[in-house]
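Before I ask anything, here is the structure I am working with.
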Amino acid sequence: MPEPTKSAPAPKKGSKKAVTKAQKKDGKKRKRSRKESYSVYVYKVLKQVHPDTGISSKAMGIMNSFVNDIFERIAGEASRLAHYNKRSTITSREIQTAVRLLLPGELAKHAVSEGTKAVTKYTSSK
């Protein structure tokens, strides 16, 4: 009686690992689609603030969602401000005003000062 052929073990139910590269019919390997995220930048800031602290992938996902949400809110508000003033360009002034409108009190002040510092650093490096 012939032995049953051994195949690769089936992936566990609920396995989160995706197949890295799937084989196409013509033998070429398909590239994995790239997911854009802010995780690299969140990690860099975390290491500046707390060098000995790590972050879980779930927490990183939450931080990524948070940054995307704040970005969309600021961009939307800045767009509205530009439209109200019959402007077709969003400048740092619209962004600054949007931040002042969206963020509460002291948080807005700190965000504006950090933003101004970043813009100054960027323009001086050009």
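Cβ atoms are placed via backbone N, Cα and C, with glycine included.
For 1-12, the entry in Swiss-Prot reads compositional bias 'Low complexity'. What Swiss-Prot records for 1-36 is region 'Disordered'. Taken from Swiss-Prot, the feature SUMO2 cross-link covers LYS6, LYS21. The N6-lactoyllysine annotation in Swiss-Prot covers LYS12, LYS44 (among others). Look at Swiss-Prot and you will find SER15 (among others) tagged as phosphoserine. As annotated by Swiss-Prot, N6-glutaryllysine applies to LYS17, LYS47 (among others). Under the heading N6-butyryllysine, Swiss-Prot lists LYS21 (among others), citing experimental evidence as support. What Swiss-Prot records for LYS21, LYS24, LYS25, LYS47, LYS117 (among others) is N6-(2-hydroxyisobutyryl)lysine. According to Swiss-Prot, the ubiquitin cross-link annotation covers LYS35, LYS121, on the basis of experimental evidence. Taken from Swiss-Prot, the feature O-linked glycosylation site covers SER113, and the record attributes it to similarity to another entry. As annotated by Swiss-Prot, N6-succinyllysine applies to LYS121 (among others), with the evidence given as experimental evidence.
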In the structure shown, with every protein chain counted, which of the recorded positions LYS35, LYS44, LYS47, LYS117, LYS121 has the densest set of Cβ atoms within 10 angstroms of its Cβ?
LYS47
By CA-CA distance, flag whichever of LYS44, LYS47, SER113, LYS117, LYS121 among the recorded positions is nearest to LYS35 (ubiquitin cross-link).
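Closest by Cα: LYS44.
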Please report the Cα separation of LYS117 (N6-(2-hydroxyisobutyryl)lysine) and LYS44 (N6-lactoyllysine) in Å, rounded to an integer.
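Between the alpha carbons of LYS117 (N6-(2-hydroxyisobutyryl)lysine) and LYS44 (N6-lactoyllysine) there are 18 Å.
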Between LYS121 (N6-succinyllysine) and SER113 (O-linked glycosylation site), find the distance joining the two CA atoms and give it rounded to the nearest Å.
12
Let me know how many other Cβ atoms fall within 10 Å of the Cβ of the residue listed as 'O-linked glycosylation site'.
10
